[in-house]
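Straight from TrEMBL, the features:
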type	residues	note
BINDING	B:S110, B:G111, B:F112, B:L113, B:D131, B:H136, B:D159, B:D177	S-adenosyl-L-methionine binding site
4 protein chains.
Amino acid sequence: MSANHSLDYGDLAFIYIDSKRKYLVKLGKGKILGTDKGFIKHEDIVGKKYGDIIYTSRNVKAYILKPLLIDLLQGLKRVTQIIYPKDSSLMIYLSSITPGSLVLEAGVGSGFLTASLANFVGDSGRIIGFDIREDHLLKASENLEKLGFDKRVELVLGDIREESIVVDNIFDAVFYDLPDPWNALNTAYKALKPSAPILIYVPTVNQIEKTVLSMRKHGGFIDIHVYEVLLREYSVEKNATRPYTLMIGHTGYIVFGRKISA
Amino acid sequence: MSANHSLDYGDLAFIYIDSKRKYLVKLGKGKILGTDKGFIKHEDIVGKKYGDIIYTSRNVKAYILKPLLIDLLQGLKRVTQIIYPKDSSLMIYLSSITPGSLVLEAGVGSGFLTASLANFVGDSGRIIGFDIREDHLLKASENLEKLGFDKRVELVLGDIREESIVVDNIFDAVFYDLPDPWNALNTAYKALKPSAPILIYVPTVNQIEKTVLSMRKHGGFIDIHVYEVLLREYSVEKNATRPYTLMIGHTGYIVFGRKISA
Amino acid sequence: MSANHSLDYGDLAFIYIDSKRKYLVKLGKGKILGTDKGFIKHEDIVGKKYGDIIYTSRNVKAYILKPLLIDLLQGLKRVTQIIYPKDSSLMIYLSSITPGSLVLEAGVGSGFLTASLANFVGDSGRIIGFDIREDHLLKASENLEKLGFDKRVELVLGDIREESIVVDNIFDAVFYDLPDPWNALNTAYKALKPSAPILIYVPTVNQIEKTVLSMRKHGGFIDIHVYEVLLREYSVEKNATRPYTLMIGHTGYIVFGRKISA
Amino acid sequence: MSANHSLDYGDLAFIYIDSKRKYLVKLGKGKILGTDKGFIKHEDIVGKKYGDIIYTSRNVKAYILKPLLIDLLQGLKRVTQIIYPKDSSLMIYLSSITPGSLVLEAGVGSGFLTASLANFVGDSGRIIGFDIREDHLLKASENLEKLGFDKRVELVLGDIREESIVVDNIFDAVFYDLPDPWNALNTAYKALKPSAPILIYVPTVNQIEKTVLSMRKHGGFIDIHVYEVLLREYSVEKNATRPYTLMIGHTGYIVFGRKISA
């Protein structure tokens, strides 16, 4: 989807009125975007281009933007805790995934990390995403389809703790967001290509410890590191620049390791 | 380069002895990797595969790993301050670049961010990288060639503050690591596709303020945000898990914005 | 006031029902503490001791605690932004004030820092507190009287930027919480004992820079440092310990220096 | 010791040449302070006053400062890990100690926290400090004597885990820096006045969890909180203000609670 084609039904658009009024819409016939600053008919967006301006029924200016990855995620529905951009960005970077990569993910949850992975592996890449809950997979599937990422992802209902669920030595990276990743280390080890990385996300310090000690005991992982990312946002005003008063003080921790020959 | 092909001269390998002895090597005839734990002849690595084990001349075990992006960067030479993974990962994520993206970068410096961008846009993508110093471009060129990323990058000697240096409306994202990004906003605005993002890295708070105030005054950018990323690493031991004593307390700040029709 | 004397009218008590229901009360005849868990008559607290238990009208257990400094502050009224414990604690520690110290403070605002200073200098110490707004001083006076700290504090209506307002070389420490501390450096320099410290609190980075550059230009201060304190609180549960999700990401910065002979 | 009396043998002085050359000296006959910028004879400091200037044998300017608490601590010898100002300042503030307070401390270690406590309780206060290692107490004793704080402190060789070692209900606050504070909760509970606070310092997350769960199980403590303090220092230059690159990423955690009637 080029950035300067004329928008049509089925396209995604990110409608930006101000910093508190941002909406991801999939253009549909007869549909209307309602806001407290007035409404916008989808049919009035059709034919316009990304970057164009449109006015609400109350004559408030809105921008039609091409959705970025962060906008796509903001437009999705959540049935689970999600992994935030500050964490998924580092996980993806450390994983070294690249266009065409084959990635194993478990558990998929609402599909937020899945969508990020899909953005970076591209059409030639593929995510195999596991979850033990069918309702999660249904929500993830719906979310990924909305974003047009469904062709890059294969969702599988199953328990990643069962080694037999994966093929040997084919994955460029493994991403885990599980309550008990230590029970799925054998599967990750089996699935990863030789020397490929695993990235594990856990919310508590206890899970860090149990995960890392299990990786060490397993023996098939080296270069194990644990990271925590803190993100601060700044308020900028002339002669009065400072961080915002409130910040997210915690989301989770990232465990990194690489498969080696045992 | 598949993860399980037999290694040959010209291939990159990441030799891991322990957490303090990690080496990026490009296999060359007659070459030797010297370490304080003994040496390894490149000819002995040829024919092996990623994930295999090799022993130094002093019989110390080493792992032959497929280099990840972070390993590639660690193996490069620096002539400038670089942007660290904690920052470049968030910049790349926020930019929403994807396989095939066309990216403008200035200043290239030693090419570390360039290499990261090249990893994520893939063979179908392209980075146009500007710098006003020829010695920087030579070093960046050397670094990118070592990593095999040179075909994805076009390096240009020139001053990004001159608008005429770029083509209109073609870039999916702009990345700036400049001492005075406020002087290059017109160029970025001209170069970006409608609604596409700009990511700016600056080390001081004063640069944040001047950049953001200039973006607001320019009028062509919305959704402006400033972020600071703090990364902590944890030491994990049974019943004694805690962050490491020392951490990097500061690198720089990230400014984000999107082009709109003025 | 000993911790185990029988409470009487005029005494302060900190009534603790749970982490969200904490009340500082000054016992008064006929007074009632109302809460959404029922009420407590002050007359029923009289005669009890710190540490005792009391029940509300709805039979909910409450603890009668001797108020700590942090409880005293929580019970005060604010007409201004206050300095939080994470910052005032470090300022006080760095200042090295001790029982009997003579301290200059400006501007007093609602008197929160004043109260903390009063706690640490004791009955033999003294705080001379300046503010240019009478309404602030009235509120501060009311707050300090409620806590019983009024005898340790002398409040002065006046502009600390006027050097003539202070006596030479008598203060053990100067504390500033002013919008333009750089305009009051001469006063601080004059007021401080030789080699004594100044502690300045400012909310923005711009104020840090202007303050420190002015101190350097003034020439009468050495060992200048700027600190920022980040405080995280942890949620502790068996096998699920982690920081709380939300934290205060910013309050202000602390500038430290010492007077020297010019 | 007034700030403007003439210095004599036995007095403490803090000699400041620059930010990397700071020395705590106790003036002694025939003694010399040697530095890489030349030496200073103690006899040449005698008769001068705090705030005066003196020159080294190589004619480098030095300042004679009255030592602040932080200078006193910097001049001490360590046989153990110490509690840093960023942590001890918050612990002291939360404890609400004041001139005249009676404080229980265990383990004393090198006496750094003890010295800070002594500064704030003053001549009318008293610290009873326990440690199970005689060598620690000897070092602490030597340190406290050097600072002139020995009269405010009583050091006791003994195991704080034995309840019989303390008198009931007399302490205004308890400070613990122990490997296993959960084994000394009964003693703290017994020793504290009704409703008085306990402050516990531990370096690992596991100790947080074990301590807090033990306090909850004990039942005699409420209002339990766990804090972590991060301190950043800023480099200030005109138009180039930013945090320093390196910071201390971790020291320890602070656990707070208050005694209630069980």
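Every residue gets a Cβ built from N, Cα and C, even glycine.
Everything TrEMBL records as a feature, shown here on the structure.
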residue: B:S110; record: S-adenosyl-L-methionine binding site; Cβ contacts under 8 Å, 6 or more apart: B:L76, B:K77, B:R78, B:V79, B:T80, B:I82, B:H136, B:K139, B:A140, B:N143
residue: B:G111; record: S-adenosyl-L-methionine binding site; Cβ contacts under 8 Å, 6 or more apart: B:L76, B:G129, B:K139, B:A140, B:S141, B:N143, B:L144, B:V153
residue: B:F112; record: S-adenosyl-L-methionine binding site; Cβ contacts under 8 Å, 6 or more apart: B:L73, B:L76, B:R78, B:I82, B:I83, B:S88, B:N143
residue: B:L113; record: S-adenosyl-L-methionine binding site; Cβ contacts under 8 Å, 6 or more apart: B:I82, B:I83, B:S88, B:M91, B:E105, B:F175, B:D177, B:Y201
residue: B:D131; record: S-adenosyl-L-methionine binding site; Cβ contacts under 8 Å, 6 or more apart: B:A106, B:G107, B:V108, B:G109, B:L137, B:A140, B:L155, B:V156, B:L157
residue: B:D159; record: S-adenosyl-L-methionine binding site; Cβ contacts under 8 Å, 6 or more apart: B:F130, B:I132, B:I165
Let me know how many other Cβ atoms fall within 10 Å of the Cβ of B:D177 (S-adenosyl-L-methionine binding site). 27
In Å, how large is the greatest distance between any two Cα atoms among B:S110, B:G111, B:F112, B:L113, B:D131, B:H136, B:D159, B:D177, the listed binders of S-adenosyl-L-methionine? 19
In all the protein chains shown, the tally of other Cβ atoms within 10 Å of the Cβ of B:H136 (S-adenosyl-L-methionine binding site) is 20
Assigned conformation of B:D131 (S-adenosyl-L-methionine binding site) - DSSP reduced to three states: strand
Could you find out if DSSP has B:L113 (S-adenosyl-L-methionine binding site) as helix, strand or coil? helix
When DSSP states are folded down to helix, strand and coil, where does B:H136 (S-adenosyl-L-methionine binding site) land? helix
Translate the DSSP assignment of B:D159 (S-adenosyl-L-methionine binding site) into the three-state scheme. coil
